[in-house]
Amino acid sequence: MGIVLSKCLNLIHSTDFEVHRNWLAITHNLPVSQWYYEATSEWTLDYPPFFAWFEYALSHVAKYFDQEMLVIQNLNYSSQATVFFQRLSVIFTDILFVYAAHECCKYVNGKRPGKELLEKPMFVLAVLLLWNFGLLIVDHIHFQYNGFLFGLMLLSVARLFQKRHLEGALLFAVLLHFKHIYIYVAPAYCVYLLRSYCFTANRADGSLKWSSFSFLRITSLGLIVCLVSALSLGPFAVLGQLPQVISRLFPFKRGLCHAYWAPNFWALYNAVDKTLAVVGIKYKFLDPEKIPKASMTGGLVQEFQHTVLPSVTPLATLICTFISILPSVFCLWFKPQGPRGFLQCLILCALSSFMFGWHVHEKAILLAILPLSLLSVESPKRAGIYLILTTTGHFALFPLLFTPPEITTKILLMLLFTVYSFSSLRALFRKEGPLLNWLETIYLIELVPLEIFCEIVFPLTPWNLKFPFIPLLLTSVYCALGITYAWLKLYVSVLTESVTVRQKAE
């Protein structure tokens, strides 16, 4: 908290401050009919309507800090009062995340109780959630409202654990209309609610009893989805603007990858393509004049063509994502394990979408890291996967903070969180043996020399001017290997896990 407050005072800010300042101005000054058409700034409104209304509400508080921030034409306006208000708004809305974390901690309360507070699963989970390094730097240093949104998601998960299914469904429906990236985990919600709520009974062997299907329950869920969608999209449907809203929410012309490749399958795919292109040119297998000029590492968000490997279309990424989540969805349906099985499916859906999605941001890895925290305190196997995914996923966020003051801050914060994660989970499962094998340990240790090379050694070399993208490429590709490994390991663990169905005789 001290570091967060110091950042508030130093008023360091990123591009996302201007993004949200512009959205404050748009929603404050313009009628609803113009929100998704306004394009004075390049940072046009591209979040769902509920988030637009959220910005509208914030704008009526922002005017008491600095009216000038609400002028649409004031591009890149960043007075101290403006940045302070935006920092304060993130801290205030994080109250929901704190409450959601508290609700989630109740789920593990009482399991594997330790003699000391520091060894209690509930306390360990609370720290892993509330002190999450990635969420801290993305929201409170870089700047976004992910804490508030993850609060909605975790609260929805908690309600499903408490068997308050309609509340959980309502919260998730609302969340989707705040930020559509959460559609990644929608399959887990749909299958779980259909399997465990709409069907009310199982046979003795654990298989589904089809006659137990409840039309009342599925009607209730349908009404929730329809009402929330009508409230969010209804005004734009009446205005005939739904196509415009959808085009803003899903801008496929932005290209397969972000300027900094998210550490996923496509980063590895791009790296292989680049390597083959370099080798092909060197040995004269390729004609340099026929190679596409669009660069994948020049810092621009754009469409591009691969040089050697087939270029990837949005439809191809959709198919890959769909195929990758199918095993987890089938497992949730045919091997139901209650809320715990749902949580596993949610994490796998998030990871699969991160691995194969179109134009994925590196920050999307938090969609898997935070819910995996809940499982990490339950078993040593999940704890080991959590440590690999968290360490590599958080390290992949380092390029977000690149100024000299931020470099020291991010390294210190990550060290503190990583040391606590390893030590607390090791203490929790001290009788279970090591959480990582020697290869996994070596892989994670190698992140240290990688950071030293990227931040200290490479800037001093003559390659820095000619190939400025090398540190980003190395970080993305190396972290992609770790995240891919964690995804596969979790998948294998879930699919091979034996399930024992127990029934209580009445």
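Placement of Cβ uses the backbone N, Cα and C atoms for every residue, glycine included.
Curation plays no part in TrEMBL annotations; they are all automatic predictions.
Packing against the transmembrane segment (122-138) from elsewhere in the chain are residues 4, 97-98, 101-102, 104-106, 108-110, 144, 146-147, 150, 154, 363, 365-366, 369-370, 373-374, 376-377, 390, 393-394, 397, 400-401, 410, 413-414, 416-418, 420-421, 424-425, 428: each is 6 or more residues past its ends and has a CB under 8 Å from a CB in it. For 122-138 (among others), the entry in TrEMBL reads transmembrane segment.
According to TrEMBL, the transmembrane segment annotation covers 144-161 (among others).
Within the chain carrying the transmembrane segment (168-194), a Cβ under 8 angstroms from the stretch's Cβ atoms is held by residues 47-51, 54, 149, 152-153, 155-160, 218, 221, 224-225, 228-229, 232-233, 249-250, 325, 328-329, 332-333, 341-342, 345-346, 348-350, 353-354, 357, 364, 367, all 6 or more beyond its ends. The transmembrane segment annotation in TrEMBL covers 168-194 (among others).
Only residues 6 or more beyond the boundaries of the transmembrane segment (214-239), in the same chain, are considered here, and those with a CB under 8 A from a CB of the stretch are 32-33, 36, 48-50, 166, 169-170, 173-174, 177, 193-194, 197-200, 245. The transmembrane segment annotation in TrEMBL covers 214-239 (among others).
The annotation transmembrane segment is assigned in TrEMBL to 315-335 (among others). Residues 187-188, 191-192, 195, 256, 265-266, 341-342, 344-345, 348-349, 352-353, 355-358, 491, 494-495, 499 of the same chain, all 6+ positions outside the transmembrane segment (315-335), place their C-beta atoms under 8 angstroms from a C-beta of that stretch.
Annotated transmembrane segment per TrEMBL: 341-360 (among others), in sequence order.
Among the features that TrEMBL reports, transmembrane segment is placed at 407-429 (among others). Sequence-distant neighbours of the transmembrane segment (407-429) (same chain, 6+ residues past either end, Cβ-Cβ under 8 Å): 3, 7, 112, 114, 118-119, 121, 124, 127-128, 131-133, 136-137, 141, 376-377, 379-380, 383, 386-387, 390-391, 394-395, 398, 401, 435, 451, 455.
The feature transmembrane segment is assigned by TrEMBL to 441-461 (among others). Same-chain neighbours of the transmembrane segment (441-461): 387-388, 391-392, 395, 398, 407, 411, 470-471, 474-475, 478, 481-482, 485, counting only residues six or more beyond its ends whose CB sits under 8 Å from a CB of the stretch.
For the transmembrane segment (467-488), same-chain residues at least 6 beyond its ends with a Cβ under 8 Å from one of its own Cβ atoms are 260-265, 267-268, 271, 297-299, 348, 351-352, 354-355, 362, 365, 385, 388-389, 391-393, 395-396, 398-399, 440, 443-444, 446-447, 450, 453-455, 458. According to TrEMBL, the feature transmembrane segment maps to 467-488 (among others).
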